Amino acid sequence: MTSLFRGLVYCFSVLALEVCETYSSRVGGEEAERILSQSYAQRRAPGRQRAPQNVPTAERTLSPQGTGGTCINRPLDLVFIIDSSRSVRPVEFEKVKIFLADMVDTLDIAPDATRVAVVNYASTVNIEFLLKTYPNKATMKQALLRIEPLAAGTMTGLAIKTAMEQAFTEETGARLRDQKISKVAIIVTDGRPQDQVQEVSAAARASGIEIYAVGVDRADIQSLRLMASEPLDDHVFYVETYGVIEKLTSKFRETLCGLTSCALGHDCDHICVNNNSLYYCRCREGFVLNEDMKTCSKQSLDSCALGHDCEHICVNNNSDYYCRCREGFVLNEDMKTCSKQSLDSCALGHDCEHICVDNNSDYYCRCREGFVLNEDMKTCSKQSLDSCALGHDCEHICVDNNGDYYCRCWEGFVLNEDMKTCSKQSLDSCALGHDCEHICVDNNGDYYCRCREGFVLNEDMKTCSKQSLDSCALGHDCDHICVNNNSLYYCRCREGFVLNEDMKTCSKQSLDSCALGHDCEHICVDNNGDYYCRCRERFVLNEDMRTCSKQSVDACALGHDCDHICVNSNASYYCRCQEGFVLNEDMKTCSRLDPCTLGHDCEHICVNNDDSYSCKCRRGFILNEDMRTCSKKKEVRAEVTVDPCKCEAQLAFQRATLSSIRELSGRHILSALSHIPR
């Protein structure tokens, strides 16, 4: 009986502990997440963190919901250096990739704005993509999804050195020094470096790279401080877990793009959201925004979900709702429908250098006569030769481009495929948040999910499973070609045939193949039952023979003064030297490299040998077999061994020879004397 009673007490204790822990995680989780997301700099200098009026200090978190719009103030050459060593678990590495994707979303990604590269490291270093690889956010975020961890070691110093020497170079996409584009590296690591970081970080900073160091969990704070730029309080961050690393997104946005309107102070009860130069308030999940558009109340019943008659937006108000309009519209007197807003947007304030032109609820800038609008669409420059002034067919904005022109659209519009007309830009529903496992596809204010190649979409229309079945192999009734399509199939015809209405059989093609449908980006040309693609003027056909790219000017072909190699750079060029030469100060001519001055391993003397070098030793030394080091020359003395027998024989021979010589000499002398006349 006693054992039974003890068992019951133990079970009730465990149950009570689980209930307490659940309640604690629900009630305190949000507060804990805010505390964990604070940077190392905030912890070291709490006096510098200034909370806005009427907002508790605990609300000054690094919430990604406050990131606002895209960063457009400061072009960067930005390289992420991410630790994927064995200590970073797969689920944690996915959090790092989400953080990178959030950072990309906040930046203005474009060849003439911010360029991004990613360096992945463990015991080895892998450059996932370069600064010049992806010119837009969509392709860059797809590339981030494909990054895999390297799993072993933490060679942070090697990663910094690789980034400095290979990722921040002009050949890989970094801008020229005279363009004065900031070079920024953000290092994310959870461990202690296994190599030296102090000297290589100092060299990187000396080359003009600004370094931010983000430590997670077990990261060594002292190593972070050795890597980061000054002031350290602004360049060193720390979070307790990878689960809250994305909270740093808004902090980096403030740092890289300048202060946001929320950072300057706000009176939102819960969340402040940046909206260009303004801000608006939002509530945390489970709360609704009150009529003052600042404070929040606990949400009890979603009256909008029960049905509403708002034309644009339904807003819950406790157990009731009211209607709001999308940006650029005003609510009509019936408090349900919306009309286009007709306020003079220029009168509300603008940043045009010359002339502000009202465009319904928006505005755009124009320049006075004799000036042209710069690429920032705000300032104006003196007009030299404006190809736009000579005539153009752009619907919105014509941009002069050195004797040529291209078209751009006002803010809120996108350029159509004809590269001339503009359409109203719809919101990217994927960017607002989605639950797709693989790929989110925007669909005019809504979105749907797709899977990567080799996967099929599950019935929940969100998650993906590995594709295994070949539906064509299981049997088909196609006349010509069966094409596997996930777990289904469809039929296609061989070249010169078209698919009949039964979608199975094929007939000989005689009609205009372009009229039957094509995938040419610009122009489809019928070619006797087949077709090929062409591009409009000033465009060239890409290798896929379908899409078109803007034709760039070959500045080198127009003439150059480079000694060795001319390299095209947009509408200009720069000079490079062949291998073994260096560019002189005039940036045009080249001089041969002295291999000895570049560094050698000779112990005594380095001898320049055109493209290479050889080693020599000083007098009294000889070169060792490694052809690098020298050893003292040794004196060689020959040892003479005397054989007494041989000496006696040689002396006897010499005596006989001398005796013969004397005898012959005497005979000759007597013969000579006998012939002398008396």
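The backbone N, Cα and C atoms fix where each Cβ goes, glycine too.
Summarising the annotation, TrEMBL assigns compositional bias 'Low complexity' to 41-53.
Sequence annotations record features per position, and here TrEMBL assigns compositional bias 'Polar residues' to 54-65.
The feature disulfide bond is assigned by TrEMBL to Cys596-Cys606.
Annotated domain 'VWFA' per TrEMBL: 77-252, in sequence order. The average pLDDT for the domain 'VWFA' (77-252) in the predicted structure is 91.
Positions annotated as domain 'EGF-like' by TrEMBL: 592-631. Below 8 angstroms of C-beta separation, residues 580-582 of the same chain, each at least six residues beyond the ends of the domain 'EGF-like' (592-631), sit close to that stretch.
According to TrEMBL, the feature region 'Disordered' maps to 41-69.
The signal peptide annotation in TrEMBL covers 1-16.
Sequence-distant neighbours of Cys596 (disulfide bond) (same chain, 6+ residues apart, CB-CB distance under 8 A): Cys606, Val607, Asn608, Tyr613.
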